[in-house]
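Asker: Sharing a structure here in structure tokens format.
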């Protein structure tokens, strides 16, 4: 791999603009080389006598040896083509400026332009690195104060536990302490009690002396973070409670903070190394193309700059390693370093093989289903209408889920293709996120099981002997749904447990809105649920059909039940209501008026869904007009929000007209096509109100409209994350902030 591609692949995506622009400098060198080749005289010089040629070669060799000797002794400044100076500004800030000493030569202006650009890149990289080092130094001081409070908290917890054991001695300490078959007397028990309490106090005092930290008075100046004291962030409990449960939460939170901080230090060190290497590579190319000896002089300046000479990051890494190993890994070096180092995800061939196998099975089952339908002439059977009313809604649930998962896998593929840091945006734990192959494996696995169930349950007529359908085949959809739910909540460490736990936690935050602080993954999942309203209604139908219906005869009275119709409204509204509550929570915390406008969008959608559902249950001209008006307003408002706010497009004065300044996809037509498709699919579900004459069953039409909404959401997902990634790039935000467990009083006064 060429260095340019390797350099680009090693960049932190959010810091891309802060790296040395190696590609631009390489283009400048190619232009200089091209100009040199044009200006070189094609005529060959006259041939010199052999003796004169040998003499010149020998004298040139001696001259080069003398130059090397002089440069080794520091006396080669006169023969250098460049002179690099560090100029100090008025405010104390400085920058590097290179004076090209051979500007009078032919092509000297091009080389001078190259060194100007090189200086700009060095100053940019050096300034950025210095600012980031300053940030991590301040963060290191904060973590140091947190560690002092943690150690003091540990000692206090040990003291409380020792007092409790002293007042309420456990049987293990003073109970039936049998030695040589005889119980101790009361006097020996009391002596043992005193001895144990003295040992505990001695151990605590040794612990305090050896740890070399401030006294327990630190705890008088700190408060616990609200999230530590209670699971519900809305309840404020700031008094210190010296319990082991609180200690575990504090240790867990600080451990995560140290891991994230160490990751930041590693990326900073890698940033310094890769940029220095890039300067070295570009200067070597310059020497090779122009046949000068400027790299040694310039690289000496690079090595002496803050970028090349600062060792604060290395020292901080050593301090973090020592602290983490001592306090979070019981002084186990291997265990501590394994936790600090990020786990790289390994691509497994068996995943690709199994994915291909299930894709083939799914394709074969779809072909078999089509052949069976035509061979049995099922579309003309009398039981078709009964099948569409009862069985089709049950199986369409799996189609909605599989379609959404396939689109999510496609999104992951393109996010990686265009270097969108989706793992950081979603807050996935490094090394545990699912790739597109794993998602495709799960989706086609579910698709194959669902299709096999459909083929097994494709009977349109009842058994003439029993007068009903086979109970086992009729229960196949319920068995499959139950199996999927059991696998989802399965607690053991198989089948991507960390991803399932992440999904369930995020889903619980969506359901529990607005009790929890809203993160990106929370409202992103809530948005996905708004596109799965028909799937949620299918789950509702499962409960009614198998709970109160006659599944053996494929009969139900769900749509005539008032309770079912009421929940038909509620189930459709719940995702939008959850999203509205999230917007209100963010409005309360961030004081951002945009969250109010976003909440208004979901409020209008709730009204549109309710009026449309009322019209579908009881058609009428007045309800149709109201449903049409509300749906049109919600669609127009939602479309504008998608394109302008969520995607950041339709900017009239941007560099890319009607798009945005920065685009990750190189083809502008993709953005215009996505906008047109989003508008078209946004208005597709208005078919349920407009009632165009389509020769399709009502359930089939509803499933198609729901599928189009899922496709629209899949397209929306890519451009939404692209816009979020570009916002992070603009702010150089490459790390997630971990809330710290302790709040110091002086920090709170400073914030006020």
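Even glycines carry a Cβ here, placed using N, Cα and C.
For 1-300, the entry in TrEMBL reads domain 'SPX'. Annotated domain 'EXS' per TrEMBL: 559-752, in sequence order. Per TrEMBL, transmembrane segment is recorded for 351-374, 394-415, 436-455, 475-494, 563-581, 602-619, 625-644, 665-685.
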Asker: Can you work out which residues elsewhere in the same chain, 6+ from the ends of the transmembrane segment (563-581), have a Cβ less than 8 Å from its Cβ atoms?
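Answerer: Contacts with the transmembrane segment (563-581): 510-511, 513-514, 523, 526-527, 529-530, 532-533, 536-537, 539-540, 544, 599, 602-603, 605-606, 609-610, 613-614, 617.
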Asker: Using Cβ atoms and a strict cutoff of less than 8 Å, what residues sit near the transmembrane segment (475-494) while being 6 or more residues removed from its termini?
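Answerer: Hits for the transmembrane segment (475-494): 391, 394-395, 397-398, 446, 449-450, 453, 456-457, 500, 503-504, 539, 542, 546, 551.
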Asker: Residues of the same chain, at least six outside the transmembrane segment (625-644), with any C-beta under 8 angstroms of its C-beta?
Answerer: 597-598, 600-601, 604-605, 607-608, 611-612, 614-615, 650, 675, 678-679, 682-683, 685-686, 689-690, 716
Asker: Taking all residues of the domain 'SPX' (1-300) together, what is their mean pLDDT?
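Answerer: Mean per-residue confidence for the domain 'SPX' (1-300): 69 out of 100.
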